[in-house]
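All remarks here apply to the structure that follows.
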Amino acid sequence: MQQTFIPVPLPQQPYQIAIASGGLTQLGSWLQDRSLQSVKLGQKVLVVSNPQIWKHYGEIVQDSLAQAGFQVEHFLLPAGERYKTPRSIQKIYDYALDLKLERSSTLVALGGGVIGDMTGFAAATWLRGINFVQVPTSLLAMVDASIGGKTGVNHPKGKNLIGAFYQPRLVLIDPDTLKTLASREFRAGMAEVIKYGVIWDLELFEVLEGCDRTNQYRYMPPHILTEILTRSAQAKADVVTQDEKEAGLRAILNYGHTIGHAIESLTGYRLFNHGEAVALGMVAAADIAVQLDWWSVEDAQRQHQLIQKTGLPTELPADFAIEAVADVLLTDKKVKDGKVRFILPTQLGKIDITDQVPGQVIVSALKGMIGQ
């Protein structure tokens, strides 16, 4: 089994990102490996997942943990962003109480970004913090949501407004789990991969440009997929290590997310999934950067073409409420002193942050995205 370990050397809780095809079978032994774990984990493990993911991978994960000597239980939540609520967290708490989970116990998130965010927040807050492990099964979660310790749930007024920074003990990425991922969800993850190419890793962007097909797993050569996963995870680890709690640099990881979150909110989290909204946010951010003379038209067009090639949306619906965007943007977590901070590219592989974006520039960018 080919294995890659990427360290995330945070001072309070360093951990490893393990990338390995077939790695689910090694989860139990890696959690017992003291070279990977700074503390000895307790026997009780609760795996949180959703029914679809559990059907495919639950038995493998449960067997791996049991064979390593853990006492394993599982708890299933419905799939989807609409269930990422405090009510779902309460259900995890209730089950944790039934199982008498202790501070040495471990919550394992087996699933996509929604499951990871909720499980992490439950781990951060149950008994003021218990062990937490990420086992992402979607591309988006593998390259973004599972790394860096952001956890939380949505509030009716905005996305991820309730949350905490809480680092996992291990992130296990098994590319084989992408075989059962819906094509639309694969494309959603590719939006985050494209983001890393724009903000951090020009070579990754060029690798993606060189791929004939970036829109489906089955068209992605295994060595290219491994390179994409490794480069994306390394980019996220590099940024998080320098700025764990988003005091400065880490904000660049929100490229495409400022307007993307507003699009998700204004369309009721139903029309676009998270990755699609991020893609639309990147299109808008590129237009804003060009209008402000921060970015060249040529580079913006390269990004646009890559997003289109990947099968991600670049247009908004004709009835999209542009006039409501300003109010939603003010609930964004990056707002500082009442000003919305935008992450904008200056060249491929480089990014900057500004709170000096005139409202008419934002409106112009969004109007240009309204579909025919």
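Indices start at 1 and increase along the chain as displayed.
Note that Cβ sites are derived from N, Cα and C of the backbone, with glycine treated the same way.
Record features (Swiss-Prot):
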type    : residues                                                                     : note
BINDING : G113, V114, I115, G116, D117, T137, S138, K150, K159, T177, L178, K179, T180 : NAD(+) binding site
BINDING : E192, H257, H274                                                             : Zn(2+) binding site
Rounded Cα-Cα span from H257 (Zn(2+) binding site) to G113 (NAD(+) binding site), Å: 15
Neighbour-count leader, CB within 10 A, binding-site residues: S138, T180: S138
Rounded to the nearest Å - Cα separation of L178 (NAD(+) binding site) and E192 (Zn(2+) binding site): 15
Rounded Cα-Cα span from H274 (Zn(2+) binding site) to T180 (NAD(+) binding site), Å: 19
Check: same-chain CB within 8 A of Zn(2+) site center, minus E192, H257, H274: L140, D144, A191, K195, G256, G260, G275, A277, V278, G281
S138 (NAD(+) binding site) - helix vs strand vs coil (DSSP): coil
Number of other Cβ atoms within 10 Å of the Cβ of L178 (NAD(+) binding site) across all protein chains: 20
For D117 (NAD(+) binding site), the number of other Cβ atoms found within 10 Å of its own Cβ: 23
Length of the line joining the Cα atoms of D117 (NAD(+) binding site) and H274 (Zn(2+) binding site), in Å: 13
